[in-house]
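One structure is given here, and the rest of the page talks about it.
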């Protein structure tokens, strides 16, 4: 009987915490993240919200005189309209979360925070991305990025 009660309580707690959704603020970033290697070249979205459609291309470049500042350019193709975003790094919270202020080609502004959980600089990255729009609640999602375009979306290279 004690086992049944314990399993039931565990199941209820599991469902309760799973229902809350993703929360990037509680994620632990990888300790040896090398931003100069990650923020270089092109990344493709392999798994995340909307991965089957639209195609998402992420280009990361570095610039700046002291250290470096990341500039993120994202091509986003949805409903046959191509929207581009440019994000400028504004902060590096606790050395773990990279914060950006972003503006789209259609003048939408938002803030994006990236927590890098696991990265193989030549192949893949597991990232927790938090986006905050001024008039909407914060949205946290886990993304799997890859260096080479997979065959899941043939249009991805065209928008990069």
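Placement of Cβ uses the backbone N, Cα and C atoms for every residue, glycine included.
What you are looking at is a predicted structure, and each value in this text was computed from that prediction instead of being measured.
Positions annotated as signal peptide by Swiss-Prot: 1-18.
Marked as disulfide bond by Swiss-Prot on the basis of experimental evidence: 24-128 (among others). Under a cutoff of 8 A between CB atoms, and with a sequence separation of 6+ in the same chain, the neighbours of residue 24 (disulfide bond) are 97, 113, 115, 128, 129, 130, 140.
Feature annotation from Swiss-Prot assigns disulfide bond to 57-160 (among others).
The feature disulfide bond is assigned by Swiss-Prot to 87-102 (among others). In the three-state DSSP scheme, residue 102 (disulfide bond) falls into the strand class.
Reduced to three states, the DSSP call for residue 128 (disulfide bond) is strand. The disulfide-bonded residues examined here are 87, 102, 128; by Cβ neighbour count within 10 Å, the least packed of them is 102. In the three-state DSSP reading, residue 87 (disulfide bond) counts as strand.
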